[in-house]
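Colleague: Here's a structure for you.
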Amino acid sequence: MTPGATSGPASGQPEAGHPEPPRQGSQPEPGCDVPLLRLRGVSKSYGAVQANRGVDLTVMPGSIHAILGENGAGKSTLMKMIYGVEAPDAGQIEWNGAPVALTSPSEAGRLGIGMVFQHFSLFDTLTVLENVALVVPGSPRRLAARIATLGRDYGLQVDATEYVGALSVGERQRVEILRCLMQDPRLLILDEPTAVLPPQMVTRLFSTLRVLRDRGVSILFISHKLDEIRELCDAATVLRDGQVTGHADPRDTDTRSLTRMMIGRDLPPALPAEPGGAEGAVQLQLSQLDWTNPDPYAPDLRGIDLKLRGHEIVGIAGISGNGQSELCALISGETRLPTRAAGAIALRGQSVGAMGAAGRRALGLAYVPEERLGHGAVPEMTLWQNALLTAQSRGLTRRGMVDRRAALRFAQDCIAGFDVRTAGPEAEAGSLSGGNLQKFVVGREIMLAPSVLLVEQPTWGVDVAAAAEIRRRLIEMRNAGCAILVISEELDELFEICDRLHVLHDGRLSPSLVTARTTPEEVGEWMIGAGRPDAAPAGKGGGTGPARPGSSGTNADRPDTARPDSARPAPSHPDRSDPAAEGPGAGAASEGSDHAV
Amino acid sequence: MRFELIRRDRASLEMALMAPVLALLAAGLVSWALFAAMGVPAGRALWTIAATPFSTWYDFSEVLVKTAPLLLIAQGLAIGFRARVFNIGAEGQLLIGAICASAIPVLLPSAGSPLLWVAMMALGMVGGAAWAAIAAFWRTRLNANEILVTLMLSLIAAQILTYLLLGPWKDPMGMNFPQTRMFQPGALLPGLLPGTRVNLSLLFGVAATIAAYVFMQRSVTGFRLIVTGTAPRAAGYAGVSAARGVWLSLLISGAAAGLAGAAEVAGPLGQLQRSISQGYGFAAIIVAYLGGLHPVGIAVSSLVMSAIYIGGDNAMVFADLPQSAVLVVQGLLLTFYLIAATFVRYRIAWTGTARA
Ligand SMILES: Nc1ncnc2c1ncn2[C@@H]1O[C@H](COP(=O)(O)OP(=O)(O)OP(=O)(O)O)[C@@H](O)[C@H]1O
Ligand SMILES: [Mg+2]
C-alpha cells in the first residue's frame, strides 16, 4: 500500500483525501492492524422480519471489501446501519477501534463515511449541482467546476445544470457516486453501484476505486455480479438470511464457490437461448419515429425503425441517456405523439402513437420500467395494491370495485411464482429489498400474459439465481409466442437472451444485428456512435462514456453464444430474414466505423 | 443538540392516531398563552371553547348544525387532497351553490311545491361543481395552478353574492338589509330533531361520509385517484389519466361544497344572506387534514371543529374574546396538525454534538 500516492485520474481532484491522521484525537492511532470499521453481533429486525442477526464484519483500511448475498439477505440493511440511517437493535459498531453510536447519516459523514444507496437519494426537482450542493460545501461555481473535472477524471460525466428528474437511472447513478466522492470519504459504501452502469463506465469506476484504495480509503462494495467482485475486491463477506455464512478472498475463489456460499447450491448452467424458430407476426412496429424532446439537453429521437415479431426477443443496447427513457415512454404510451404522427407506432397492427398507456395495455402491452420505486411500483402501497396497479384486467376488480381477495391472491401468486422474499402481499412495496421488488414487478407484468412485453433492465439488482430465472421466464414467454423488447445496458445479458439487437445512440437506432452473427465489439462501436458510416459529431445529450467497450473485460468471459468467427467484428445483417446480406455493404459499415473513431 | 428527521420504515399508526390529539393540545396551549398575553382570562376562555359546546342539549344541537356543512365539504375536499388536487376555494363553491339554490325561491316566490328543496339541492350541487370546473379546465388546459384559481374564484363568488344581495335579489320589504326574502316552506329542508335547528343536511353529511368511504377505500376509481396523488409517474405508467383525476377531484369537491351552501340557505338560514358561510369552506380544509384525509377521521374532526365554532361564539360572549381569536385557534390547529403529521412518516434523531 502506498499511502498518498496520487497517480492516475484522481490526481485532478483538488482536495484529494489523504489517509490523514484520525480526526478524533482521543482515538488510538490506526495502525495497519486496527480495522477501520468493525461490527460485532449487529442485529436488526423489521417487525417479524429479521434482516440481520449477529453480524460480525471487519473492514481493514485500504481494502475493497465485498458484501455478497442473495436478494433480501440483508446487505442494504447492514450498510444502512453503518451509515446511520437505521439503528441496530443489538450489537456494536467500532470505528478505528473505538465504539461509536451512529444515529444519523450526518454523524457518519463526519466520521468520513460516505454511501451511495441502492435506491437513489436525489431530489428530482433540483439540478445536479443543487443536489450536490445539499451535501458538499462550496460555492456553486466551484462545485460546478469540480463536478466537471472529477466527472472527466473518473469517467462519470454528467451535466451539472440538468434537472435530476430528467436523468436516466444510469445517469443518476453517476451523480450519486460523484457526489459521494466529492466528500472525500474514508469509507465508501457502494450499494450496487454498477447495476445500471454500462461496462465501459464500470471499468472506469473500478480504476477510480483502486486509486482511492491505494490512498487508504476503504470501500464496502455490494454487487450481484460475481465477476466484478473477483476483479475488484480483496475480501468478501457472505450473508444469507441475515447471517454471515462465510468469508472468502474473491481473488482466489471461483464464481461457482462464491455462488454456492451465497445460495447454498450450484446454479444450473446458463444455456444460451435457442433461437425461437417460429416466425411470428409483427406485433410492434416503429416507422420513422421522430420525437423532439421538450428538454433541450436530452436527446431527440430521429428516424427510428423497428420491427418486433412474436416469438422473438429483440434487445436495444446502448448507454443510458441516449434516448432509452424517451423511447420507452413513447412505446408504453406515457408520452403520446400528436395525432398526425400517430402512425409511427403500430401495436398489433393498430396505429397507437396518440393512444394513452391504458389503451395500449388493453391491446396486450405490458411494461417493466427501469425505475421500480415510484414508477413500476408505488412504494407506499402494499404489494396487493401494486398488483392492482396494472393487473386490473386480470379479474382484480368487480363492477368498478376492488376485489381485494382476488388482488391478494394475484400478489400471492406473484410472490410464490417469482420467489419474492417478503412478509406477504400486505407488505409495503417500499419495504422490499431492491432485488425482491424487481422480481415482483417483473413477475406482475409477466403474469399479465402480454402479447408484447417491453422490459427495461430486466435483472437490475437481482441476484444470480433470480436473474437466471427471469431470463428463463422471458425465453419461455418468447417460445410461447410473446414479442419481447429488452432495453438494457448489459451486453452479456442481451447476448444471452436476444435473437436480434439494435443499438441506440444519440437518439438514433442502429440497423438490426442478428445476435448469433455479431460481436460485443461491433455492438460496442454502435454504442459510441462509430458504427454508423456517417457518424455525425455527437449532437445534444448523451453523456456517453468515452472508452471503447470492446476493451471491457466483462464481455470476454460471457457464455459463448453461437458465434462463428469472433476474431474480428463480423459484418452484420440488417435483418434475420435476409441471411444472404453478408456482403460488401455491411462490411463497409464496419470499415467506415474505423475511420470515424 | 441538533436533530434531524429520519424516514420511518413504515407509516406509524400510533402517530397517525395521536397527531390530531397532539395538535389539539398544542393549539390549546399556545392559545392559552396568546389569550393571557391579550389580557383575556385565558383559562376561562379556553374552558368556554372546549366545554360549553357539550354542556347543554341546545348547544350540542348547534354543534351538529355546524357539523353538517363542514363534514360535507371536508369529505369532498379530502378526496381531491389525496389525489394532490388542492381545491382551496370550497368557500366560493359553497357561495355559488347557495346562490344557485336560492334562485328557485327568489325567482319563483309563488311556487308551492313542498319538494322545492330537492331541486334546490340539485341546483346547488351543479353550481358548486360548475364553479370548480373552471379551475379544472384551466388546470388541464394551461396547467394553471388550481390552488390560485380556486382561491381567486372564491373572491369573485363573494362579489357576485354581494351584487345580488344589494341589487336584483334584495328583499324589497327587508328594510334595505342585504338579504333576500325569507323562503317559502317548500324551499326549506325538513328538520331532523324537533326543537332544534338540526335538519336534513346532517344526513347529507353522513351519506357523503359513507359514499366517500366506499369510493376511496373500495372503488377502482378511488384507488386510481390515490395513485395519482402518491406516485404520479406510477399513475402514468398504469395508464391512469392525470387530467381525469383533476376533473374528478374538483367536480366532487365542488359539488359537495355547493350542496353544503344550498343546505345552509335552505336550512338554518331560510334566506340568502351575506354571512351564509362563516368560513366553512376554509375551515373544512383544516377538518379534512385533521381527520387524516380519511372519511372516518373527518367525521370526528368535523365535530371537533364545529365545537370550536360554537365554543368560540360562547367565549366571545362570556369571556370577551374577539372573533378573530377563533380564527387564530383554527389556524394553530392546522399548523400543529401538519407538524405532528410529519412524524407519521418520519422520526426525530438527536445528534449528540453540535456540528464542528
Ligand atoms: N423498511 C423495511 N420494512 C420491512 N422490512 C424490510 C425493510 N427494509 C428491509 N426489509 C426486509 O429486510 C430484509 C433484508 O433487506 P435488504 O434490503 O437488506 O436486502 P438486500 O440484501 O439488500 O437485498 P437486495 O440484493 O435485493 O438489495 C428483506 O427481507 C426485506 O424485506
Ligand atoms: Mg439491497
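Here the Cβ of each residue, glycine as well, is placed from N, Cα and C on the backbone.
Per TrEMBL, transmembrane segment is recorded for B:21-43, B:63-81, B:93-111, B:117-138, B:147-166, B:198-216, B:246-267, B:279-312, B:324-346.
Give me the lay of the land around each of these features.
Modeller: Remote same-chain partners of the transmembrane segment (B:63-81), defined as residues 6 or more beyond its termini with a Cβ less than 8 Å from a stretch Cβ, comprise 53-54, 87, 90, 94, 193, 196-199, 201-202, 204-206, 208-209, 211-212, 215-216, 222, 225, 229, 249-250, 252-257, 259-261, 263-264, 267-268, 278, 280-281, 283-285, 287-289, 291, 293-295, 298-299, 301-303, 305-307, 309-310.
Here the transmembrane segment (B:147-166) has Cβ contacts under 8 Å with residues 86-93, 95-96, 98-99, 131-132, 134-135, 138-139, 178-180, 250, 272-274, 276, 281 of the same chain, all six or more residues outside its ends.
With a threshold of 8 Å between CB atoms, the same-chain residues lying at least 6 positions outside the transmembrane segment (B:198-216) that come near it are 61, 64-65, 67-72, 75-76, 78-79, 82, 121, 189-192, 222, 225-226, 256, 259-260, 263-264, 267-268, 295-296, 298-299, 302.
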Colleague: Quick one: find which recorded stretch in B:21-43, B:93-111, B:117-138, B:279-312, B:324-346 has the most Cβ pairs under 8 Å with the transmembrane segment (B:246-267).
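Modeller: So the stretch in question is B:117-138.
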Colleague: Which sequence positions outside the transmembrane segment (B:21-43), separated from its termini by at least 6 residues, show Cβ-Cβ distances below 8 Å to it?
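Modeller: Sequence-remote neighbours of the transmembrane segment (B:21-43) are 50, 290, 304, 319-321, 325, 328-329, 332-333, 335-337, 339-340.
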Colleague: Given the transmembrane segment (B:117-138), which of the listed stretches B:93-111, B:279-312, B:324-346 has the most Cβ pairs that are under 8 Å apart from it?
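Modeller: Stretch with the highest Cβ contact count: B:93-111.
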